[in-house]
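What TrEMBL annotates here:
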type	residues	note
COMPBIAS	412-424	compositional bias 'Basic and acidic residues'
DOMAIN	6-68	domain 'DUF1899'
REGION	399-424	region 'Disordered'
REPEAT	77-111	repeat 'WD'
REPEAT	127-159	repeat 'WD'
REPEAT	171-212	repeat 'WD'
Amino acid sequence: MPWRPPYRCSKFRHVYGRTTSHGTYEAIPISSGVGGVHGCDVNPQFIAVVTEAGGGGAFIILPLSHHGRIDPLCPRVCGHRRSVLDVKWNPFNDYVIASCSEDATVCVWEIPEGGLRCNLTKPLCTLVGHVRRVSLIQWHPTASGLLFTAGYDNKVLLWCVEESSIPVRLIACHTDVVLSLSFNVDGSLFATSCRDRRLRVVDSRTGAVLQEKCCTNHRVNLVAFLGNLKRLVTTGVSQWNSRQLLLWDQEHLSEPLVKEEVDGLSGLLFPFYDADTRMLYVAGKGDGNIRYYELNEDKPFLVFLGEFRSPLPQKGLGTMPKRGLDVGACEVYRFYRVVITKSLIEPISMIVPRKSDIFQEDLYPKTASSEPALTAEQWLSGVNRSPVLVSLMKNYKPTVPMEPRPSPKGQKAIDVEQPDEKSLPATETELRRMVTCQRDEIRQLREKLAHRDLQLQQCELELQNQRNYQKPISPPGRNDSTYA
């Protein structure tokens, strides 16, 4: 049996989460009635957040550059008669968003360029087909204009938004409320978790159940497809009320491949999968941390990497598409945490530390673009295609160092580094240690400066001898008397 090291080499071992205080959105009246959904969605242009509203449901649309404190009278999207439950941006149009509500309707809205300047009350279309509240909406990942909705009437409806407001397909294979819905890469299959404790893999066109598993010892809450790995990940609760993370083979749901015990808290666990880096992020509702794992095709299938911790609990999270990340800073994922206790939205950037300033091709393979691979008619006729891929090299902007301020005439420019808050000493002992280290550095610098002055004097003496006697200068190290 070959020897294996006790550690595992991975380029994502040192991934860390970074927050920025200047990038938060503050004073947002976040809705407290959103259930198992996030109530927030992001694209490279805008951020949408479900808010509290009297006399109906509403949500706000903010440009990403609009940081800081939000005006309480800012324009809203307010066309629903009851509370809004979920919002989703169109993956192929950054100015189109869909919303679902407790009034059993789904609305599709078009946002003007630059954001809202007044309240938006007239949607592009209103989809009426559910008889009870609509809790989930999901755009098709490859075909344009296709929208899937799930409601408390135990039905999943398929809509062709661009053509009509009548559902194209009715999928009635569930016996209870659908809790989550996730597509595979080409959108030919979707997986659902249900209140009847069953995990299903369903054909997106016909609604036929291809795989089904009744989880008796594991109550499935949320499910997510894992890209091209042909696997599923579910989060839920065990029979001892401990939160679990399970990995499944999508073609054989008899037994899970991996069963990971997380902790004993009671909040939902939201799974987020990055197919480009094969990293799985797990964030708990009511928690302040985000755990991240790396997935492999062989054993071990799931490897824990680390976690981001914060004292502020999160109610939900929005995620930025890959085409909106900061490639120059080696940002591989970005969350927007919904912190209801502070009424703010806090961005979290997941960074892979790299010293090089060139484009990191291993971190950014070709990813899904904003162009659809199919039209709605082509997909409904039975055609399957993978997403249109695009390189992120065009988004690469190297980090430019700050230029020093021009110094007055006759003075040399001195580069002064501003101290970081984390580097400041916290106790008197640390302060003394820091002062001692700085004194040692100053002494070493003075010794180096004196040595350089001595070398300069020796070079000047050799140059003077050459001019007087017109003799070539011996190479350094040959004249022992000079360097004695």
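Every residue, even glycine, has its Cβ placed from backbone N, Cα and C.
The DSSP breakdown of the domain 'DUF1899' (6-68) into helical (H, G, I), extended (E, B) and coil residues amounts to 3 helix, 24 strand, 36 coil. Beyond the repeat 'WD' (171-212), the same-chain residues lying 6 or more positions past its ends with a Cβ under 8 Å from any Cβ of the stretch are 36, 135-136, 138, 140-143, 148, 150-152, 154-158, 219-225, 227-228, 232, 234, 236, 248, 250-253, 275, 379-380, 382, 384-387. Under DSSP, the residues of the repeat 'WD' (77-111) split into helix, strand and coil as follows: 0 helix, 26 strand, 9 coil.
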